[in-house]
Amino acid sequence: MKLTNRSKVVSDKKMTFGESIYIPAILKGMKITMSHAVKTVFGKGLATISYPEEVRPRVKIWRGEHVLKLDNEGRERCTACGLCAVACPAEAITMTAAERTKEEKDLYREEKYASVYEINMLRCIFCGMCEEACPKSAIYLTDRIVNVEENRGSFIYGKDKLVEKINARIDVSERQSELQKKMMK
Ligand code: SF4
Ligand code: SF4
């Protein structure tokens, strides 16, 4: 059954002489390359930018570095249920759950919290499945780009990097569904 008209029937016809010597195909490819080179030399339609001085605009729902959100009272929303880790196709998330004590009521919203929460940024494919799976609106991807590091261990982000700072809240409203926005209140 054909679902779209995008598929092409592959032909196994014999190559013509022109096709078998590849020269027309090479010239065609070089024509495209030269047209881009000319555009670049004369400054029209430049395909490159001077990164990092210049940065391309990113859409508001860009999927970059994660944030673990705090609630309005500054308590961590994550309850260490593990659903994000189960949903993660790259198996990039690990965590350790702990019970909240009476004295920790102002730190953690739920009775259970993640004493350790780690995301391996080298494994992550920024698919956003973790934020979709989270029942507590605790994890979101943001428009921040993951920094360059010099060793593999530094790409394992712990709570020190993931939990948002109370005095530097991160607005994720652009990525939230109406239901998630209600849950944040
Ligand atoms: S964005 Fe995707 S790959 Fe990355 S941690 Fe979340 S679920 Fe895993
Ligand atoms: S971030 Fe959300 S889904 Fe992941 S463990 Fe915490 S509450 Fe559960």
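Cβ coordinates are placed from backbone N, Cα and C, and glycine is handled just like the others.
For the domain '4Fe-4S ferredoxin-type' (66-98), the list of distant contacts is 105-121, 123-125, 127, 129-142, 157, 159, 162-164, 166, 169-170, 172, 184-185: same-chain residues at least six beyond its ends, Cβ to Cβ under 8 Å. Residues annotated as domain '4Fe-4S ferredoxin-type' in TrEMBL: 66-98 (among others).
The feature [4Fe-4S] cluster 1 binding site is assigned by TrEMBL to CYS78, CYS81, CYS84, CYS134. Secondary structure at CYS84 ([4Fe-4S] cluster 1 binding site), taken from DSSP and collapsed to helix, strand or coil, is helix. Sequence-distant neighbours of CYS84 ([4Fe-4S] cluster 1 binding site) (same chain, 6+ residues apart, CB-CB distance under 8 A): ILE93, MET129, CYS130, GLU131, ALA133, CYS134, ILE139.
Taken from TrEMBL, the feature [4Fe-4S] cluster 2 binding site covers CYS88, CYS124, CYS127, CYS130.
Summarising the annotation, TrEMBL assigns domain '4Fe-4S ferredoxin-type' to 115-144 (among others). Assigned with DSSP, the residues of the domain '4Fe-4S ferredoxin-type' (115-144) fall into helix, strand and coil as follows: 5 helix, 9 strand, 16 coil.
A sphere of 10 angstroms centred on the C-beta of CYS124 ([4Fe-4S] cluster 2 binding site) encloses 22 other C-beta atoms. Checking the binding-site residues CYS78, CYS81, CYS88, CYS134 for a CB within less than 6 Å of any atom of ligand 1 leaves CYS88, listed in sequence order.
In the vicinity of ligand 2, defined as a Cβ distance under 6 Å, none of the binding-site residues CYS88, CYS124, CYS127 are placed. In this structure the C-alpha atoms belonging to CYS127 ([4Fe-4S] cluster 2 binding site) and CYS78 ([4Fe-4S] cluster 1 binding site) are separated by 20 Å.
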